[in-house]
Amino acid sequence: MRDEATRKKRSFSDGHFFKKLKLMSRKKQPVMERSKTTRTRKESTNSAAKSSLSLRRANNGRKTIAKRRVLTDIGSTNEGVAGNSGSNSPAQYSHTPHFSDSIPPLPLELPDIVSIRSSRSHISNKSNKNKHGIDLTFIPRRSLQNSKAGLKKPNTSPQGYFNIPVTIDRASEKVKHTDTKNTFNSSSSENERPVLSILQKDDSQSSSHPAIDSMSAPNNINNNNDIENSSNSLFDTILSIAHSAISHVPKISALNTEIQREFSHSGESHTGSTRHPYFHIHHAQQQHPLSQQQGPLPVSENANQNPNDTVLIHSPSANTAHRSSSFLRHLDYLLSPTSGPASDKHTQVEEGDDEEELSPLSKAFLSPSTQLVPTNTSTTPLSGSLTPNNRNVNANSNSETENDNDRDDRSNVGKVKFQPLKVHEPAISTFGKGNLTLEAVAGSSDIDNTTIDLDENNTNNNPNASSTNLSHISKSNVNNNLGPKELNTSYRNSTYIDMARFENSQSNLSSHRARSKTLPANKALENAVGDEGNSKRNSRYSSYSNDMAFDDADERKFRSMSKKFLNRRSFSPSNLGNKVIPGINLRNSFNKNRNSSSDFFSTNQGQQMPRTSTAGSGNIHAIMGLDSGNDDFKLEGIEYASEKKNSEFHTLFKDCDINPNEKLIVDHSCALSRDILLQGRMYISDAHIGFFSNILGWVSTVFIPFKEIVQIEKKTTAGIFPNGIVIDTLHTKYIFASFMSRDATFDLITDVWNQIILGKKYRNGFGNNDDGTISDSSSAFFDDSDDNDDDGDLDDDDPDINSTDMTSSDDIDADVFNESNDLGKNQKSTNYLLGPNKHSPTTADFKPSNNDHLVIEANINAPLGKVVNLLYGEDVSYYERILKAQKNFEISPIPNNFLTKKIRDYAYTKPLSGSIGPSKTKCLITDTLEHYDLEDYVKVLSITKNPDVPSGNIFSVKTVFLFSWDKNNSTKLTVYNSVDWTGKSWIKSMIEKGTFDGVADTTKIMISEIKKILSDEDSNINSKHQASNNESEEEIINLPTIGPPVHDPTEPDFQKGKDDTVIDEKINIPVPLGTVFSLLYGDDTSYIKKIIENQNNFNVCDIPKFVNNAREITYTKKLNNSFGPKQTKCIVTETIEHMDLNSFFMVKQIVRSPDVPYGSSFSVHTRFFYSWGDHNTTNMKVVTNVVWTGKSMLKGTIEKGSIDGQRSSTKQLVDDLKKIISNASSTKKKSRRRGKTVNKRKSSPSTIKNEKNEENFEDTSTKNSFFSAFSMLQQVNITSVQGIMTIISFFICLIFFFRLLFHSKNTSNIQIITPGTILINGNEYNYVPNFKTLYHVYEDNIIKDARRKDSNKNNIVTDTEGLIWDWLIDRGNGTVQNSVLSNHIKESNNKKVKLVNGVSDHKIQQLVESIKITELQLQEMKELLAQTDNTSATNQLL
């Protein structure tokens, strides 16, 4: 115990000052004395020598290599293994122990770590022996050699007990020795590497000196080992290797005859009874992972001089295991003491081919490629030579001690020194500091490629190895007989190693290691042997086994998958954010490709599979259907972004292997939380979530597949701002913050995620119960989310129920329906009318609270039951019509069982008109039926949540609808509204005001729509009856048609895009769907050509027929813009994208106008949706969008003009269609049939009124021949829009007629007595005469006089003009009057003769006045000229 404590306290560096002084003093002693002294001290303690490791570093710049020395104790028997003593005289080589046939040296498994402490100080003679008599003196600790290569080779010996659970694959189990010869052709491979030397340990009571074990020659010469005991220190080891390399000349020794004969046969292994039962030599080719990159090592010149100087390196055998990055980062686990020995029954032998050996000088500078490499293959005895290309290594055994009797005859102890021939940059430069990662050496040139190629002609089913053909193993020549086997093995780098603990006894070891084989799920276990002889029965297949074959080009990307792997979590800094999967059993060994843009799990075959959730024991049950190859998958209820945004999205993430067909849904501004907040934008597509940030050239990109997401949750930033979203994958957590509308983004991501993961199950209400709630089994997917939205309840309506089935009467025969007209009315009314038709006024039992505001009180002229069932009945089409009238869109399915379940949930998107804030918001509605009595009142509570508005998650809007009876059997509607707050907000008053105003507006729209629906019911019933009566006539309309003539109403599959503009969605064409298709897109193109010409177009080309559902039309369109060209050429491409005459058809039209400004940078995309409407008509919806491919300064103007032009063209299209239909209908003799129909419906008040109007029209037409065409009213359908317009026009014409007829009787008697005096209807008025007044008063008379034939007759206007001149003469200045005129007038007055031609007299008066005025002006001009200075010049000019 004292020695044991001393060993535990001993420093690995062992560089203390006193130790050095002691060593210096001991150097003065002879080597033999020191050896004897050491042996005496070791024998007195009655313990075996302990193995140790020492380290020295050779620092050459950055290439620092840890040079290792392994000091082991090797016992010997009477015919033991000869080892060199490393003494100064050649005589020391005279005594060489022989290999004993009975008790061979036991191989020792050495770790490849630079520092190891043994948990035991010494081993006693009895307590340290297992049941087989093997003394366990040294329990090495399994570790990693470097970051490039771990424990790779299959192991034939049991493993030690260690403190870290690691799964280790064993290539074979304990094998009993037989006389069967196994020939291994180790020279058949072209990629052979230098095989490491084998270290054998001789643990003798007489000598515990470490010695370099050498090959025994046939003459069995024993060489005494006089190497000094280095006391297991680093400094002693350095001195020892220097002493051995410089002072001694290698000598040749040989093995016994039997071994030499084995070597001469190149790999034939003979096992006989003369050998010790515990002597087992392993056969393998030790190849270091770095040897392929470094090439063959140089051979020492003294290689053939002394084979006894061959360093025998004990290589620990290990299974093909992998190491994890966390294992490398925490080497403190590996540096802890080992515990618990393990033993094995048998080992195997390794043989080599070459006969050269390296001298100690060469071995002192071995490269890292010759260092200790774990193996897992059996070996045969070494040959007399060892070359860098083929080094034979003794297999490892965890039993390091032998019997006491064996120790007495063993006097040699081998010391093994590890030194590189060349100095290379270390793979692990910070070994032992806890921060080692595999990524540091991922790109190293030293990575080797592993291949295990089985000879196709010589592949055997050996009971020692069960062949698992997983990759490239030949399947053609597999023999069940034992025979030669050629194996070429090279090992690749592991990415993970897992070490398992073993028990002391062999029985416990077997039970502990007997586990089921873990193989890939997609490969069957081939040629498996299940008996006790199966050497792989006690192994777990991690990533590889020795029977697998892999390509050299394969990269390191696998790790073992033990049961404890997923229970352990790495706490290294790079893995702190990684998600830990629950401890479940997976059948596949998988590894995450870090360099891949999308994370996949790779199976052993190098194939990639998407992750699947697993459950159970050893079986995989896929919870989510991750069929990535389903290209037909399409998201439902999702509005995609514009093509321009989608193009930008593909450009930003072009390096992320994005699918060209992937569509962008929306992008939001947010920030990615890392060391700092990286402000950027989140792009949500139908397959990925992308984030792109570019801050001053620092680009950050994140691309997350939806199929890799395991959890989405909301997060509060800084504890107070609810604007964050956390997205978890299996390996990383992403935190996004600074969302403007966090809840809306969260709902969208969750919706897309659920549809992608659950697929059709989600869309069909996966896991929903009858009440629309999510069941317990399916709610497990959403337990981690704190979103309380009841989106799953939106799909609880039965998809098989058609709302029109209850009201459709298309299957009823027309004649039967006409005969039972009243019965049909009763059947129709029962669909929406429940309760009594008449009732006295009632009052609702409701007392509003202080927060309730009265929104409106209105009266609806309909019974209570009719109004309530119209809003909340089974036919939800009325309510959808009301919501659309309120300008809502993206309306979710509305449950039709509200009156029975008394609760319903639905959602829609409402546009907002606020100057600030969002332009739209999602509304989540929950209606609750609190009271339902159609003879009293009905109360409905509606709760609305608006998550997209500011502070939308802390308030809800409650609206109470009260329906009660009112006067005249009508319905009284009272609406109260309130806002409930669950938190505080700075904009509370603004939200409340906007809420009250919004509810008031929507309620008014609802009431008006209810009245319209009720008023249209009678007309709809009559039109339906008429359609049934005239069905036979409509079938023979002279118009082309295809498809069924009768069908129930349908809805098109329309998803409004972000930049789409709805031109019109309420267009109805009174013909079946097939007729509209034939008119617009059928073979007869004359109709569409005429329509195009009527749309202000000319130079229309010949309209072609559709070829492959596409055609192209060109024409020239007139433009009426104030600037720009006055016409442009239009190139129209029409494509039928969906064709189903039983549902709907959609035609996409792309118009290009190259002649307009920026015409090459945009195109107008218009989609026409045609579906079945009510009464076998066709509904038409037109949606347009301007798609830009370049930039323009006139973008707004062009878009506005394009949309306006499309709107006018659509209107013209509909008008022309209706004209074509009406003209085709008028060619039929429908007047008599329709007249009979009108005569039959005498009970209708409107019909009686129409008949009276017709009688009046006929009486009026007899009085005036102009109205003889009044009989055409019989051909007019009064209930149609055209009939109503005809009647209105008729009444307007009638009013004008009566006005013209009786207008002449109302004229007034006007007479002018004297100038200034007028007589109107006997009343005399004074006025100032002027021409303006005169013509205004006598305008009618002037017009009449102009139309008269006797234009010479005097009228009142000309007569009055003369009187005016007389009035001017009488009151004028007499001096000014012209004598001629005056005499003329006096002469006229004296003669008192009335002038015949008054007009001539007035002209003379005008002429006289004009001459007078001219003379006055000339006189003034003369006076001005006379006043000038230049009088002479003026006179000359005159």
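Any Cβ shown, glycine's included, is placed from N, Cα and C.
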* If you check Swiss-Prot, which of S118, S989, S1032 turns up marked as phosphoserine? -> S1032
* **phosphoserine according to Swiss-Prot, picked from S13, S570, S919** => S13
* **Per Swiss-Prot, the candidate from N435, N493, N818, N1373 carrying the annotation N-linked glycosylation site** => N1373
* Swiss-Prot annotation N-linked glycosylation site: which of N449, N469, N1306 has it? -> N1306
* Could you tell me how many residues in the domain 'GRAM' (648-716) are helical, how many are strand and how many are coil under DSSP? => 11 helix, 43 strand, 15 coil
* Structure fact -> Rounded mean pLDDT within the domain 'GRAM' (648-716) lands at 90
